[in-house]
Amino acid sequence: MFSSHSLSYKLSSLSTEASASSGNNTLSTIQEFSGFHNVISSVCTHTETHKPKKKRGLPGNPDPDAEVIALSPKTLLATNRFVCEICNKGFQRDQNLQLHRRGHNLPWKLKQKNTKEQQKKKVYVCPETNCAHHHPSRALGDLTGIKKHFCRKHGEKKWKCEKCSKFYAVQSDWKAHTKICGTRDYRCDCGTLFSRKDTFITHRAFCDALAEESARLHSTSSSNLTNPNPNFQGHHFMFNKSSSLLFTSSPLFIEPSLSTAALSTPPTAALSATALLQKATSLSSTTFGGGGQTRSIGHHRHLTNVNEFLGVDRVMMTSASSSEYDQLVVDGFTSTWQKADRLTRDFLGLTGHGGHVSVRPGDMLEYAGGVAFPMSAYDTESHDHSFQKAYDHLGFSGAHRM
């Protein structure tokens, strides 16, 4: 019994909450709709206040009963149809001549029109057959108007403004322009002047777009310069001029038969001058030293780039006869004295591959003074005694081969 009462109480409370929530939702919906209605009404009011301007009707809508007159270009542009006998000034219409005669105190008379002639109007068509005003339905009702139209659209522009170099076909247009030229100019940031605001706005939009595009291209190019491709950063080895001068006195050589694996060691970040000298001499020892290596030193030796010896994985070289160096083998960067102790490093590359010290005199003189002697001069038996003394004096022992 108690449970049924509690259940009914819960159901009633839930229905009350649901009705309250639905009422709140309805109220919020009404408020949102009223706000949306206000927005729509404000937008409609704004559009009503800014209605587009009504376009001007096309010129030339004559009376159907008007008289259509077609004049030739020569007659239309004639300025001396009616000439004053006093000053020889020409006029296109007789009435203008009669009015001009009053200034000379001459008798003048205007042509009187009756009532019927006044009621009938005259319209003029353009002599140009391709023009829209050539059709009678688009004829112009004024002789001066058709004359200016023909000059502006189909005539020669012979009136020039001295300030802005603009040309005009009608003198009245030229005079009106000269009065305001330079007083109402619109200047763009690029330096161009405009006398009309609409042309200035059109040009300004195009000029701004062009400036943004050029700025974007400039920023892209500058970012590429400041952040180069990281793949090429590890292949460039930098060293100072003092260390590079250490290798200019004695040239280094490398042959085409060298294995690229021997030169594929990763470059170090920075080396001192002593380390560079040791590395260069070790490379020289592998190139020139050793009794079992086949070498040939001629007059057509070519220098290789020291920078590429020190870490660049591309070796540029040329040789007078590459077949002479086919048997060259690179064993390493350093060689040891081939004695029993093997504790002393040979940085000058004076040892060979055997157990004895094997030095060629030409190598010693090359390292000492940078003077290259032809090997053929030391291959004969006549020079054995002269260089044997030099070896004994230096303290080298063992069998050597001349």
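Using N, Cα and C of the backbone, Cβ positions are placed for all residues, glycine too.
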Select from 2-9, 138-145, 146-153 the stretch of residues annotated by Swiss-Prot as motif 'Nuclear localization signal'.
146-153
Quick one: which of 159-183, 309-333, 359-383 does Swiss-Prot have down as zinc finger?
159-183
Just to confirm my parser: what is the rounded mean pLDDT across the motif 'Nuclear localization signal' (146-153)?
91
Going by Cα-Cα distance, pick out whichever of the recorded positions SER72, CYS161, CYS164, HIS177, CYS181 is nearest to CYS207 (Zn(2+) 2 binding site).
CYS164
Nearest of the binding-site residues (CYS164, HIS177, CYS181) to CYS190 (Zn(2+) 2 binding site) - Cα to Cα:
CYS164
For the zinc finger (159-183), jot down how many residues DSSP puts in helix, in strand and in coil.
10 helix, 4 strand, 11 coil
Could you tell me the C-alpha distance between CYS188 (Zn(2+) 2 binding site) and CYS164 (Zn(2+) 1 binding site) in angstrom, no decimals?
15
Counting across all protein chains present, how many other Cβ atoms fall within 10 Å of the Cβ of CYS181 (Zn(2+) 1 binding site)?
17
